[in-house]
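**Student:** One structure, as structure tokens, below. Some questions next.
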Amino acid sequence: MATYKVQVSTGKGLLTGTFDSISITLVGTYGESPKQLLNRIGTDFSQGSLDEYEVESDQELGEILLIRLHKEPYSFFPESSWFCNYVQVTSPQGDLYRFPCYLWLEGYATTSLREGRGKRGQEGPPPPAAEGSQSVSWWKEYIQGTPYCADIDADVTMEFNLTFSFPKSCAFFDFKGPVWVCLSLEYVAQHWKEDAFFGYQYLNGVNPVWIRKCTKIPFNFPVTQDMVAGSLGEFTSLQEELMKGTIFLADYKILEDIPAIEINGYPQYITAQLCLLHQKPSGELIPLAIQLSQTPGYESPIFLPSDSEWIWTLAKTWVRNAEFHVHEVTSHLLRGHQLAEVFAVATLRHLPMCHPLYKLLIPHLRYSVHINVLARTFLVSQGGVFDKAIATGRGGLAVLLKKGLENLTYTTLCLPDDIQARGVDSVLNYYYRDDGLKLWEAVHSFVSGIVGFYYKTNLAVQRDYELQAWVCDIYTKGFLGRRSSGIPSTLRTLEDLIKFVTMVIFTCSAHHAAVNSGQFELGAFMPNSPSSMRKPPPHTKAPVTLEEFLDTIPEMNTTSLVLSILWVLRNEDFDMRPLGSYPDEHFVEDEPKWLITAFQERLAEITKEIEERNKTLTLGYTYLYPPGIENSTAI
């Protein structure tokens, strides 16, 4: 007879305990124990409890490989879900085995948990019974030509492991509380017309990933020296500044031929602008010239800062409208949300809970499926917010998403590569780049340590069939098997794996924070970020009045609807987990725990560096402030 000590930890959240009967079976290298009810005097498995039991076996079981938790009815009580943190087993010889769970166990079923030490795919066959949450096993096509999504609808009950916690649900749907913003709304209202603030937002606004260095004026944007001489000053020229690398281009060709809808019974308009910018020696980035189409000509003039006040302001507002579309659809929805869901579904489909990559990634995929289900239901559904308040509507959104995916590359998703490709490595006052690169390196170092602990050779990467199935699923369902994207379909080396996982974590945390956090504060004053334009773009440089300007930007009811959504998307909730916080202990070995501590220490250093820098700035950049970055795409 052998006696094993068993500890069972129940989550601390609301309604995490259960009245159901819980039994356990221990499975070892020499056999398995009889199924035994876990029962003691008093209440078992209550919220936040750590319950201890003794489990008897007729024989020594050897090394404990897995356990089975049997959840069954108890008396007359109705079924209740149970959030199990972990189970810990101590053998008669004192050997300790930990079985991480951190999942809701629903219904009456048996759940198998494998011992918590990380195990790669080639180290053994898949477990004999499904472990944890694997119900998200199928994809469905969302919009043809765009990433697939989870085959889940909001009108059916989602399993608890994919849904918001109760505190987060309350915060998400509570529209009465205040919202914290780091940039004064009054500042935006006072400075939105200024050229310097217009340029500042390209570097440190909600879409800091768009501009590129311009080394040659595009043939379809015939800006001349005479046009920009007044802005550049008498001691330099356009050609000189091009050679210096201080001229930049924002090209919205992606918006060409995007259909627009009617709002409130009136047609809306979308244009594919070109905007040329110059960075002064002082560091200010200012617009030099704007063209409101991709085709130059008599009816598509080039607008300049020397034009009359409101025609120049109107031209800049058309560019800000283009920024709204590309930001919300390509930078935010596509890169920040849809890819996060692809990563989440692929992880749940292919990586068992004992896999080291599951342990590493699952905190960064928390709530990503649920938030996207809500978005598809309320924001981008037929008759949703896009159809009511945004010029693209759902139809134009679909076209723009498809174009966005066609243009999306692995280089774009990897920040150091993207900075080099866009030629913005030496731009002054580019705090998104500065903070982002620090965070990328911190994540890369952390991932390198974890990967190096579990994978010693390139061959180990190549032979991990679960890992290879995971990355192939991302390639085929997320990027539709498009080779031109540069996304790998297989991973061959340790460095390949490290870079890919770094990209996944960075996308789900830092990238999403950068494009999400400032939406309300920069968009609350609607002329700075209009969601639609009610009149066609001007075809001449004739002066316009303030009244004509106001007749072009959205109406009040359209604006109020958009602002209510931006408020929700910016609202801080009570269940946020900042980047680097891992309250669920999926790793049981010491080395990964030390690596987590080192990662957290580096994030703390970055936090202090940002705080010190921001003290010297009129506008502090905080969208990549580590305490404000959520671990996952969860809002």
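Cβ atoms here come from the backbone N, Cα and C positions, even for glycine.
So TrEMBL lists these for the protein:
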DOMAIN    2-119  domain 'PLAT'
BINDING   G17  Ca(2+) binding site
SITE      W104  site 'Essential for stabilizing binding to COTL1'
DOMAIN    191-635  domain 'Lipoxygenase'
BINDING   H332, H337, H512, I635  Fe cation binding site
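Distances, neighbours, how buried they are, the whole picture for these features please.
**Tutor:** In the predicted model, residues of the domain 'PLAT' (2-119) average a pLDDT of 93.
Under 8 Å, Cβ to Cβ, and six or more positions away along its own chain, G17 (Ca(2+) binding site) finds T10, T43, F45, S46, Q47, S49, S80, W82. In the three-state DSSP scheme, G17 (Ca(2+) binding site) is classed as coil.
Every protein chain considered, the tally of other Cβ atoms within 10 Å of the Cβ of W104 (site 'Essential for stabilizing binding to COTL1') stands at 20.
The Cβ of H512 (Fe cation binding site) lies under 8 Å from the Cβ of H332, G336, H337, A340, E630, T633, each of these being in the same chain and 6 or more residues away along the sequence.
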**Student:** For a three-state summary based on DSSP, what are the helix, strand and coil counts in the domain 'PLAT' (2-119)?
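**Tutor:** Counting residues by DSSP class gives 0 helix, 62 strand, 56 coil.
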**Student:** Run through the Cβ atoms and count how many others sit within 10 Å of the one on I635 (Fe cation binding site).
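**Tutor:** Its Cβ has 21 other Cβ atoms within 10 Å.
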**Student:** Provide the three-state secondary structure of H332 (Fe cation binding site) computed with DSSP.
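**Tutor:** Its secondary structure by DSSP: helix.
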**Student:** What Cα-Cα separation, expressed in whole Å, is found between I635 (Fe cation binding site) and W104 (site 'Essential for stabilizing binding to COTL1')?
**Tutor:** 21
**Student:** Counting every protein chain present, what is the number of Cβ atoms, excluding its own, within 10 Å of the Cβ of H337 (Fe cation binding site)?
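**Tutor:** Result for H337 (Fe cation binding site): 22 other Cβ atoms within 10 Å.
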**Student:** Counting across all protein chains shown, how many other Cβ atoms sit within 10 Å of the Cβ of H332 (Fe cation binding site)?
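**Tutor:** Looking across every protein chain shown, the total is 22.
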**Student:** Around the Fe cation site formed by H332, H337, H512, I635, list the extra residues of the same chain whose Cβ is within 8 Å of the site's Cβ centroid.
**Tutor:** L333, G336, A340, I371, V515, N516, L569, T633
